[in-house]
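Colleague: Structure below; questions to follow.
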Amino acid sequence: MKFNAPRGTNDILPPDTLKWQYIEKKTHQIFSNYNYQEIRTPIFEYTGLFQRGIGEVTDIVEKEMYTFEDKGGRSITLRPEGTASVIRSFLENKIYGQAQPTKYYYIGPMFRYERPQSGRFRQFHQLGVEAIASNDPALDAEIISLGMRLLQGFGLDDLELHLNSVGCADCRPPYVDKLKNYLNEHQDQLCDNCKSRIDRNPLRVLDCKNKSCQSVIKDAPKITDNLCDSCTDHFDEVQEYLDILNLDYLINPLLVRGLDYYTNTAFEIKDNALGAQNTVFGGGRYNGLAEEIGNRDLPGIGFALGIERLLLSLEAKDIQLPVESGVDLYITVIGDKAKKESFKLLDQLRNQDFRTEMDYLDRGVGSQMKSADRMNAEYTIIIGEDELNNNSATIRNMKSGDEKEIQLSNLLEEMKKLVDKEDI
Ligand code: ATP
Ligand code: MG
């Protein structure tokens, strides 16, 4: 019998897990600088939440959800994204009764039944952020800059920020009518998928990758030329705040979100080194979402960043995260008595936060030293019967080769001196 992990899922193995830990640690740090707090919602929700919160006429809800009936006959869906759950939780726990705005972030796995390929998986991981209950354009800029700063913190500073406004319930419907008319006039040049989108979700046509569709889209009416005064003001102010932060952006009127509850700001951060799946993170305002899933008029804005894409982006640029695997000390033992004594020493060292290891396969000295090397031990010490009798052993710096004779009973003290120092 042989089992493989399900298609589209990945085992994240050491030493790669160190990169994940690093990314998570850095995320917690940076998000706390901006006063965002972590929220953890369930991995699954009732299906209806996503149908309403993401929208029936979307790829996710139409094709990509992992939906099943539980043993109680309820329809359950593995979360395909985080925003709907965060807003559900905000409403359910009456967080709106507390001081506002509320600034949350999350990190965790998401599930979408998509065609697996580079940068696209069925279980993938997002870190995302939501700022709820304020419509201040400064918050739009804060959210965008938070994402950019996070990426810069990992060494990614040449990514493109695409920015747009998708208007509001007042100015978008007349724009959508204009767009529909235009698309209907050019139906013959559109792909089948886009033809069917004209009535169902015409804004989605704008981000079709098909060549022939692109040539139609190029001259389509632009949302940015059709915003109402209040949306124009909001958009201008977002840009002003981004300018204050010296963040470069490209206005991209083709960047849209298909659903009614998305309003004003939409943005995507792209890495052109990534090929087809080049969006590292994207987001925008969703001032109509809380109304949709909870009958409450509450503005919100957020983004979600794909951690696998972030890692691919780092890889494409050959950026190494400063992660360190290995141990501070490897104790090479000779004989049973030394093994037992060393076992005690390990315990003392570990209790003082030294990363330490020894052999568990009864190997000879040579193989033990090889192990020490393989696990990147900074120091090694050989302990046998003689060393025990003389209370004396040689500790060796594996990088420099420097050696020092120490009293075995002083090992802990010696390690305290050594590990912060470069050389013996
Ligand atoms: P795409 O256009 O690549 O399908 P999307 O618009 O579906 O992305 P969002 O729903 O906004 O993406 O999700 C935010 C981020 O999550 C994306 O920018 C991407 O980095 C990541 N992401 C989305 N779907 C996947 C997936 N199937 N596998 C890996 N990462 C993903
Ligand atoms: Mg997608």
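Each Cβ is built from the backbone N, Cα and C atoms, and glycine gets one as well.
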Colleague: Glu81, Gly82, Thr83, Gln126, Glu130, Arg257, Tyr261, Tyr262 show up in TrEMBL as binding L-histidine; which entry in Arg74, Arg112, Arg115, Arg149 does that record put in the same site?
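Modeller: Candidate listed by TrEMBL for the same site: Arg112.
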Colleague: What mean pLDDT does the predicted model reach across the domain 'Aminoacyl-transfer RNA synthetases class-II family profile' (23-322)?
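Modeller: Averaging the confidence scores along the domain 'Aminoacyl-transfer RNA synthetases class-II family profile' (23-322) gives 95.
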Colleague: Sort out the sequence-distant neighbours of Arg257 (L-histidine binding site) for me: same chain, 6+ apart, CB within less than 8 Å of its CB, listed by position.
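Modeller: Once residues fewer than 6 apart are set aside, Arg257 (L-histidine binding site) is near Val166, Leu203, Ala266, Gly284.
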Colleague: For ligand 1, pick out the binding-site residues Thr83, Gln126, Arg257, Tyr262 that have a CB under 6 angstroms away from one of its atoms.
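Modeller: Close enough to ligand 1 are Gln126.
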Colleague: What count of other C-beta atoms do you get within 10 angstroms of the C-beta of Glu81 (L-histidine binding site), across all chains shown?
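Modeller: Total other Cβ atoms inside 10 Å, all chains included: 17.
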